[in-house]
Amino acid sequence: MQEIIPDFLEECEFVDTSLAGDDLFAILESLEGAGEISPTAASTPKDGTTSSKELVKDQDYENSSPKRKKQRLETRKEEDEEEEDGDGEAEEDNKQDGQQKMSHVTVERNRRKQMNEHLTVLRSLMPCFYVKRGDQASIIGGVVEYISELQQVLQSLEAKKQRKTYAEVLSPRVVPSPRPSPPVLSPRKPPLSPRINHHQIHHHLLLPPISPRTPQPTSPYRAIPPQLPLIPQPPLRSYSSLASCSSLGDPPPYSPASSSSSPSVSSNHESSVINELVANSKSALADVEVKFSGANVLLKTVSHKIPGQVMKIIAALEDLALEILQVNINTVDETMLNSFTIKIGIECQLSAEELAQQIQQTFC
């Protein structure tokens with residue numbers, strides 16, 4: 001049996017002489033374990049020798065390595081160039097970003113500078129008591145309040161102008177003569193004619209008149225020569241003639257009493273005219289000054305800062321049917337100075353003192 005098996009194995013193509021002396025069971029065990037061997041283990045023999053396929057691959061790699069090196073070098077150069085291009089583009093992008101940031105910063109800086117300049121101008125245009133602090137919110141709030149008050153003043157003036165237009169349309173006035181008439185400051189009572197007693201009449205008849213005119217034959221002030229005897233005349237007739245002459249505007253006869261009293265009368269008349277032209281009203285709250293200047297009236301008020309006081313004064317002037325031509329509002333520290341230019345008409349029935357008292361009541 002042992003001799004037959006080796007003969008059979010020798011005839012086989014896959015005979016292995018190294019296994020000639022082994023037992024059959026060892027051969028079977030080796031065949032059964034061959035299925036469990038991994039492909040990598042099967043490709044590499046146990047003795048560590050390399051297969052023919054691996055040798056061919058190594059030879060191909062050794063033969064083609066310079067080309068691959070060139071390709072690798074070329075690919076590396078291309079990659080380096082791409083990286084450099086990418087770095088250049090990144091640098092350009094960074095530069096552009098930096099320029100954009102700088103431009104944004106400069107634009108924002110210029111905008112803030114212009115805003116500060118505009119706020120400074122706004123603060124200088126309005127009275128200082130409208131702004132309590134110097135921040136932007138306080139300045140803008142004060143501007144809004146000041147503009148709203150000016151709008152109210154404008155609306156009141158427009159309403160007054162419309163009322164005046166309607167009044168002129170409904171009741172047209174007579175066109176005055178081209179000759180300028182003297183301005184009427186305030187209505188006054190006509191001066192009373194002086195009363196003359198009988199003693200003054202007799203005294204006037206004795207003295208010549210002081211008028212520069214030459215006595216006429218029909219003049220009641222005819223001079224009588226002192227050497228001639230006086231002709232007594234009825235006192236009633238002399239009184240009527242003198243009264244008629246005084247009503248016609250002839251100058252009164254000279255008398256010491258009248259000459260002595262004339263300076264006092266003229267001084268009283270001048271003082272009354274001055275009082276009517278200028279009037280002052282002072283109180284703890286405000287000082288009011290009224291001054292007539294031609295056809296206009298200048299009204300000045302000096303007081304502490306009182307919000308809304310200008311509107312009160314304008315309303316009071318409108319109630320008195322006075323036309324406001326100009327309004328000036330000035331402030332110095334905590335003091336407020338208001339000046340009004342007012343046009344008066346013929347229908348005005350107020351004197352300067354009464355107007356000053358009316359304006360003084362608005363401060364109460």
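Cβ atoms here come from the backbone N, Cα and C positions, even for glycine.
Per Swiss-Prot, the feature compositional bias 'Polar residues' maps to 40-53.
Remote same-chain residues near the compositional bias 'Acidic residues' (79-92) are listed as none (criterion: CB distance under 8 Å, separation of at least six residues from the stretch ends). Residues or ranges marked as compositional bias 'Acidic residues' in Swiss-Prot: 79-92.
Residues annotated as compositional bias 'Pro residues' in Swiss-Prot: 175-193 (among others).
The compositional bias 'Basic residues' annotation in Swiss-Prot covers 196-205.
The compositional bias 'Pro residues' annotation in Swiss-Prot covers 209-218 (among others).
Swiss-Prot lists Ser38 (among others) with the feature phosphoserine.
Feature annotation from Swiss-Prot assigns phosphothreonine to Thr40 (among others); the stated evidence is experimental evidence.
Annotation comment: Swiss-Prot describes Thr44 (among others) as phosphothreonine.
Here Swiss-Prot flags Ser65 (among others) as phosphoserine.
Residues or ranges marked as phosphoserine in Swiss-Prot (evidence: experimental evidence): Ser171 (among others).
Swiss-Prot lists Ser177 (among others) with the feature phosphoserine.
Swiss-Prot lists Ser181 (among others) with the feature phosphoserine, giving experimental evidence as the kind of evidence.
Taken from Swiss-Prot, the feature phosphoserine covers Ser186 (among others).
Among the features that Swiss-Prot reports, phosphoserine is placed at Ser193 (among others), with the record citing experimental evidence.
The feature phosphoserine is assigned by Swiss-Prot to Ser211 (among others), with experimental evidence given as support.
Per Swiss-Prot, phosphothreonine is recorded for Thr214 (among others).
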Distal contacts, the region 'Helix-loop-helix motif' (113-150) - CB-CB under 8 A, six or more residues away: 305, 307-308, 310-311, 329-331, 334, 336
The region 'Basic motif' (99-112) - residue tally per DSSP class, helix then strand then coil: 14 helix, 0 strand, 0 coil
